[in-house]
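What TrEMBL says about this one:
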DOMAIN    19-165  domain 'Lactate/malate dehydrogenase N-terminal'
BINDING   D55, N118, I142, G143, N144  NAD(+) binding site
DOMAIN    169-336  domain 'Lactate/malate dehydrogenase C-terminal'
ACT_SITE  H200  active site, proton acceptor
Amino acid sequence: MLTFLCRRSLHQVMKKPVTIAVTGGAGQLSYNLVFRIASGSLFGNYQPVSIVIYDLPEMKNALRGVKMELEDSAFSLLKGVTITDNATEAFLNTDYAFLVGAKPRAPGMAISDLLKKNAEIYVKAGKDIGKYAQKSIKVLTIGNPANTNCLLAMTHAKGIPKQNFAAMTRLDHNRAMAQVAEKFKVRIDQIDRVAIWGNHSPTVFPDLSHMTINNHSVREKLDKDWYVKEFIPSVQNRGTQVLNTRKFSSAAAGANAAVDQMRDWELGSHNKWVSFGVSTDLLQGEYGIPKGLIFSYPCICTHSSYHVIKGLHMDDFAKEKIKITTEELLKEREAIADLL
């Protein structure tokens, strides 16, 4: 009788399944990501999921292997796995999308050429999302350059609100939090009000000027020499450091950050600051950042939405760092202006 009641209770709280698309599905980050999604790490233990994994036709065998492993994992929340090289099928009635697929930079390739190569991918993804996905879809761009790729997909996703797009800067945020925890010998959950500004690139500005530990400001205790000479460069160059050490990019940490960002977006950040790359068109020029960019700001997430923190005081140092990363984003936008 007790077993019957427990099963009935579980059935009553189980939600309607959602469909989640992951592009670049044969890559390492996507490989890590789909297992996190299927396990319940994304939306919890009462949210069943169907996963659609998309990649190029030549990657179909690799996708078959990923599907087999997902099936063999026997995740109770996983209601189905579809592998496809067809964009219509990839985004049809999709509720959430992780856009991971992107071409890597080849030796000697100019950044402008890389931008254009990936621009073609994200223009098409945006168009397909606009045609086939749910109008309420949430889209997180992960493939680099994440901010400008997000701008392209958002621009071409007709009928999808701009606030439904975000670029992943949670990896920068998590890296910053980890560095702070190590420096101050505290737990991650004791830290708040860390901010990531700008582009997901080596110009990103990890800002600790508003940070609190156990709800107390540490601004006056902050070692300025460590902050400027060690902390900021470490966060900015961490991706390169991982690549040079591991010989691969940050796949597991990247997948974890993607889960963190989408989960907080949908379920809320519980009044904690998080960082999101969002459309500056949704703002009124706060912090001197022009419209027409995807720019990372500190945010709080509530009611399935992100809300940019406004009215923060910026000293000259912060203003200069924000100016540098803004200029880089403007140059990226200029390089793909004909596709916007």
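Even glycines carry a Cβ here, placed using N, Cα and C.
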* Structure fact -> Checked against DSSP, the composition of the domain 'Lactate/malate dehydrogenase N-terminal' (19-165) is 69 helix, 27 strand, 51 coil
* Recorded NAD(+) site residues D55, N118, I142, G143, N144, farthest C-alpha pair in Å -> 16
* Asked: Under a criterion of Cβ-Cβ distance under 8 Å and sequence separation of at least 6, what residues of the same chain contact N144 (NAD(+) binding site)?
  -> A102, N118, H200
* Look up H200 (active site, proton acceptor) in the DSSP assignment and report helix, strand or coil. => coil
